[in-house]
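Swiss-Prot has this to say about the protein:
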ACT_SITE  C73  active site
ACT_SITE  H238  active site
ACT_SITE  N263  active site
DOMAIN    13-321  domain 'Calpain catalytic'
REGION    322-488  region 'Domain III 1'
REGION    507-648  region 'Domain III 2'
Amino acid sequence: MRAVRAETRARELFRDAAFPASDSSLFYNLSTPLAQFREDITWRRPQDICATPQLFPDNPWEGQVKQGLLGDCWFLCACAALQKSRHLLDQVFPPGQPGWSDQEYQGFFTCRIWQFGHWEEVTIDDRLPCLAGRLCFSRCQREDVFWLPLLEKAYAKVHGSYEHLWAGQVADALVDLTGSLAERWSLKDIRKASGQQDRPSGGEHRACQQLLRLKDQCLLSCSVLSPRAGARELGEFHAFIISDLQELRSQTGQGILLLRIHNPWGRRCWQGLWREGGEGWNQVEPAKESELLAQLQEGEFWVEEEEFLREFDEVTIGYPVTEAGHLQSLYTEKVLCHTRALPGAWVTGQSAGGCRNNSCFPCNPKFWLRLLEPSEVCVAVLQRPRRRLVGQTRALAGASPAPVNLPGKDYQAVGLHIWKVEKRKISLPRVLSAPPVAGTACHAYDREIHLRCELSPGYYLAVPSTFLKDVPGQFLLRVFSTGKISLSAVRLATKGASPGAALPAGEWETVQLQGSWRAGQTAGGSRNFASYPCNPCLPFSVPEGAGPRYIRITLQQHCRLSDSQLHPIGFHVFQVPADGEKQDACSLLLQEPLLSCVPHCYAQEVSRLCLLSAGNYRIVPSTYLPDTEGTFTVTIATRIDRQSIHSQEMLGQLLQEVSFMAVMKA
């Protein structure tokens with residue numbers, strides 16, 4: 001934020017060069033209906049849209065979400081969760097920022113978005129997309145309130161463009177805006193489990209009763225995945241907000257459960273029995289009808305339980321977050337006040353073992369989970385989306401629109417299983433051949449999957465997996481518990497000679513090089529990632545001699561996370577061509593390495609003894625995952641082959657010259 005203020009001093013109002021007011025911020029590949037408005041969209045600041053812009057209104061309803069031309073109802077439904085808890089809104093939209101009437105106003109705002117385990121600050125200018133002088137994407141019920149379109153712009157910046165927000169999951173946006181967990185209940189699956197296809201089952205009724213209990217604590221959303229005959233007004237692939245639930249009695253004494261649904265489109269699209277003037281109201285007293293209809297705001301309507309279960313496909317529920325930032329259980333209302341998280345990865349040919357149907361399932365990443373007391377535990381696996389190709393505006397040159405990207409395209413089918421073990425030293429085949437104490441019902445193409453269980457004290461082995469083997473990916477394992485826990489990765493055994501193994505006898509010249517991995521700068525991760533060339537590239541040379549020389553290269557990390565956790569590290573060595581002294585590091589690192597010390601191992605140090613010819617080389621040390629910070633030392637020991645000399649003064653005994661450099665003996 002300090003850098004932004006410095007830039008604004010040289011200009012009248014801040015202009016965000018990283019997310020400019022241009023087509024590159026609006027579109028990804030012109031694959032959505034948004035493309036037809038390309039020539040008509042202009043950018044305006046709030047003070048150019050209305051006379052007295054404000055961030056938040058005094059009346060909460062005036063700040064309610066309303067959808068525009070962009071198909072991001074999933075994101076807007078999640079935004080409604082922020083209005084239920086002021087501390088959540090303050091977390092995402094830090095208070096105290098200068099507004100349009102303040103002297104300190106400089107044309108920018110800062111939001112916080114939760115991304116892969118961390119809250120990231122996202123600063124934007126306040127130029128917003130408009131059509132005919134009005135906001136064309138999200139807006140609040142009162143159009144001079146701007147917290148929502150500004151947050152939408154920040155979220156679009158995180159994703160790369162507004163068009164990237166077309167279609168998504170409410171659950172994903174809820175996690176990004178709260179840092180918590182979200183559950184998706186398939187109403188169709190609940191009905192299948194009960195064996196009743198024609199009418200609501202006991203399981204569905206219990207689900208609605210649970211929604212009634214949770215209505216004041218967390219965001220409730222419902223979605224239509226395909227339209228039904230006679231109810232096409234709900235649309236297809238559209239998300240709604242469940243604003244309220246009311247349990248009442250009919251005039252004959254029967255129980256009735258009504259759900260108040262808010263359509264982000266901002267219009268009442270429901271023509272069911274409980275619409276205004278509908279037949280359903282004949283079942284209740286006129287006074288009750290008037291009371292409930294008076295509660296409806298723009299875009300809201302009442303639906304009875306049976307209609308709701310018939311017409312909607314899915315319900316999404318966000319876990320409540322306390323003011324202290326702890327999750328609260330949806331099932332017991334207990335506070336999950338102990339949290340741990342660790343990153344991991346599935347590496348093709350190494351740790352991407354696939355599901356339990358595959359013989360290489362034991363190769364998957366494994367984690368130790370220790371509980372110190374009986375606890376309610378939620379364990380989640382959050383996938384990092386595969387990065388889209390760089391150059392997102394390539395399709396803007398006049399190419400025909402590409403097919404709309406479908407939700408889930410960027411994610412693998414992922415599952416999670418947990419085994420109880422007696423101690424940390426185990427027979428892995430024996431443990432994995434037994435039934436797990438907890439596991440996901442199936443592998444799902446969701447960004448995040450999780451399971452909830454009651455666990456007794458002791459050690460547990462958690463194994464996240466993709467359904468298919470040799471499918472690469474990164475993930476974050478998150479654990480939330482009512483009791484004290486510890487979480488650590490199972491270390492991979494380092495193959496080959498140990499790092500501290502003795503060198504062959506003789507004289508060795510040693511050189512030590514210091515370096516560091518810095519997120520966003522020099523922490524590029526392994527060669528599986530496009531950011532690999534960002535890693536430190538350390539030069540060394542082998543002098544001319546009678547032939548190839550023995551070289552021992554040792555990489556030692558100084559980035560221990562705890563007594564039981566180390567980063568996975570490794571290195572590659574590249575030979576510089578004789579005519580390639582001026583070759584840049586990036587192009588050199590795109591070639592095949594001459595030798596490698598991989599797979600990356602959870603070890604304090606790793607090393608490789610090799611024979612190298614005279615020439616120039618580059619060592620590239622790396623952690624497996626990008627943006628993993630730490631410092632390291634690379635030690636290069638070169639064998640010096642010196643000829644023995646005879647000395648008459650020593651009566652024919654052999655002497656060796658003593659180098660001023662370090663002498664290392666076996």
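Each Cβ is built from the backbone N, Cα and C atoms, and glycine gets one as well.
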Query raised in the report: When neighbour density is defined as the number of other C-beta atoms within 10 angstroms of a residue's C-beta, which of the active-site residues C73, H238, N263 has the lowest density?
Result: H238
Query - Coarse DSSP state, helix versus strand versus coil, of H238 (active site) - result: strand
Query raised in the report: With DSSP helix as H/G/I and strand as E/B, how many residues of the region 'Domain III 2' (507-648) fall in helix, strand and coil?
Result: 9 helix, 73 strand, 60 coil
Report task. With H, G and I counted as helix, E and B as strand and the rest as coil, say where DSSP puts C73 (active site). Result -> helix
Query raised in the report: Over the region 'Domain III 1' (322-488), what is the model's average pLDDT?
Result: 85
Requested in this report: Measure from the CA atom of N263 (active site) to the CA atom of C73 (active site) and give the result in Å, rounded to a whole number.
Outcome: 9
Report task. Between N263 (active site) and H238 (active site), find the distance joining the two CA atoms and give it rounded to the nearest Å. Result -> 9
